[in-house]
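In TrEMBL this protein carries:
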- 21-43: transmembrane segment (TRANSMEM)
- 55-74: transmembrane segment (TRANSMEM)
- 95-119: transmembrane segment (TRANSMEM)
- 125-145: transmembrane segment (TRANSMEM)
- 157-176: transmembrane segment (TRANSMEM)
- 199-220: transmembrane segment (TRANSMEM)
- 241-265: transmembrane segment (TRANSMEM)
- 285-315: transmembrane segment (TRANSMEM)
- 327-347: transmembrane segment (TRANSMEM)
- 353-376: transmembrane segment (TRANSMEM)
- 388-410: transmembrane segment (TRANSMEM)
Amino acid sequence: MADLKKEQQISSGKGMSFKRMISALGPAWIISAVAAGPGTTLSVAKAGGTYGYDFLWVVLLSVVLAFVCQYMAAKTALIGGRGIVSIVQDKWGTLPAWFVTLDALAVIWLCNVVLLKVLVAVTEYVSGLVMPWWGVVFTVAFYILVAHGGYRIVEMLCKIIVSLLVVCFIGTLFIAKPDLGMAIHGLLPDFSHFGKAEILMMTAIMGGSIHVTILSMQTYTVHEKGWGMSDLGKARFDTALSLLGAFGLYCTAIYLTGACVLHPADIHVNTLFEMADAITPLLGSYAHAFFCLGIWCAVFSTIMPTFIAAAYVLGDKMNWEMRPKSPRYRLTILVGCLIALPGAFLSGRPVNLLLIMLALSFLGTPFFVGIFLWLLNDRNWAKQYRNGPVLNIAGAFALLVTLFLGIKWVGGL
């Protein structure tokens with residue numbers, strides 16, 4: 001991408017006030033908004049309903065590892081001055097760059113297929129009109145909004161509604177009053193009953209927090225913000241606040257709500273709409289309607305940025321200019337929309353499809369984490385910005401966890 005291949009900004013050495021720091025935030029918040037989609041909402045709520053407090057350590061671990069991986073993605077992009085595809089091509093050549101490109105595109109477009117299915121299912125439930133042709137309506141809407149501009153207003157409205165949904169989960173916690181002792185016990189890993197179902201659940205939770213789509217997106221959004229190496233501290237603060245803070249609160253609130261409301265009622269979230277029972281103590285008879293609106297907005301606002309992520313990745317490989325008025329940009333968006341369209345006609349429960357989607361999208365994650373670790377420890381490439389011991393240990397642990405879960409999940413198929 002031509003606009004990404006500009007020289008890195010040189011640090012002026014001037015400090016930045018807290019007010020200016022806050023106003024400059026942005027890239028990682030886009031990432032956390034995509035991560036906080038229906039898949040993550042489902043997986044953490046289902047884990048709470050199924051396992052009670054026992055999976056709390058998994059949820060918190062996924063948040064911490066998400067921060068580590070996203071910060072390494074941002075750091076790699078700022079040092080390289082480009083997106084992940086161009087960095088890999090410069091370092092290792094065309095073939096590995098194509099592998100990264102195709103891996104990212106496959107994951108992004110696979111997710112969009114399932115997300116469209118969920119969007120259609122929710123729309124059918126709310127409207128009472130059961131017809132997969134809703135998918136055609138949404139596909140046309142996505143293309144117009146993303147390829148021709150205007151989607152940011154819709155996305156902002158969706159984010160507000162989703163945020164209100166999270167507030168409802170947090171409010172429910174004050175009413176349901178989680179067992180603090182059980183929650184503390186849930187911070188201690190227990191592998192004594194870990195089987196295939198538990199591996200799938202853990203992989204789904206991790207897959208919602210750390211996956212190829214958001215890892216690749218992060219390497220482009222920092223450049224869209226106009227950041228360079230002088231903004232590395234800003235990137236770290238941005239990533240910590242959005243992922244450890246906002247995203248962590250999001251996941252923890254939903255999980256604990258599931259653990260203290262759904263689990264005692266023996267609700268394992270086998271259908272998408274059973275999740276609404278978690279906020280019934282707060283909203284009563286309005287819970288299902290508000291939840292459907294929230295999950296609908298979560299899908300709508302998650303799927304649109306991923307179409308743009310695909311354009312970033314492909315445009316980076318092909319050295320295309322990816323701007324809304326560019327014919328190639330619009331063509332890439334159109335292709336992504338057409339690939340997603342068959343999702344409207346998929347059979348199967350949206351809950352099961354979302355869990356499988358999260359697990360599959362997770363499989364390419366170790367490869368990306370490995371790339372970041374390799375580059376950030378290369379003396380000739382990272383120079384004085386090489387990883388310190390803390391980030392290296394955390395990154396290596398993230399690599400081991402993602403690799404282990406990927407192998408275990410594939411082996412259990």
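Even glycines carry a Cβ here, placed using N, Cα and C.
Caution: TrEMBL annotation is automatic and unverified by curators.
Sequence-distant neighbours of the transmembrane segment (55-74) (same chain, 6+ residues past either end, Cβ-Cβ under 8 Å): 27-28, 31, 35, 44, 47-48, 84, 183, 186-189, 201-202, 205-206, 208-210, 214-216, 218-219, 222, 235-236, 238-240, 243-244, 247-248, 251-252, 255-256, 259, 365, 368-369, 372-373, 376, 387, 391, 394-395, 397-398, 401-402. Same-chain residues lying 6+ beyond the ends of the transmembrane segment (95-119) with a Cβ under 8 Å from its Cβ atoms: 37-39, 84-86, 88-89, 134-135, 138-139, 211-213, 216, 272, 295-296, 299-300, 302-303, 306-307, 309-310, 313-314, 316-317, 336, 339-344, 346, 350, 353-354, 356-357, 360-361, 364, 367-368, 371.
If one looks beyond the transmembrane segment (199-220) by at least 6 residues along the same chain, the residues whose Cβ comes under 8 Å of a Cβ in the stretch are 1, 4, 27-28, 30-31, 34-35, 37, 39-40, 43-44, 46-47, 50-51, 55, 58-59, 62-63, 65-66, 69-70, 73-74, 76-77, 82-84, 87, 100, 103-104, 107-108, 111, 247, 251, 305-306, 309, 312-313, 316, 354-355, 357-362, 364-365, 368-369, 372, 398, 401-402, 405-406, 408-409, 412. In this chain, the transmembrane segment (285-315) touches the transmembrane segment (157-176); three or more CB pairs sit within less than 8 A of each other, excluding pairs fewer than 6 residues apart. Between the transmembrane segment (285-315) and the transmembrane segment (353-376), the number of CB pairs under 8 angstroms, six or more residues apart, is fewer than three, so the stretches are not in contact.
Counting C-beta pairs under 8 angstroms (sequence separation of 6 or more), the transmembrane segment (125-145) reaches the transmembrane segment (327-347) with 3 or more such pairs.
Remote same-chain residues near the transmembrane segment (327-347) are listed as 108-109, 112-117, 120, 132-136, 138-139, 142-143, 146-148, 303, 307-308, 310-311, 314-315, 318, 320-321, 353 (criterion: CB distance under 8 Å, separation of at least six residues from the stretch ends).
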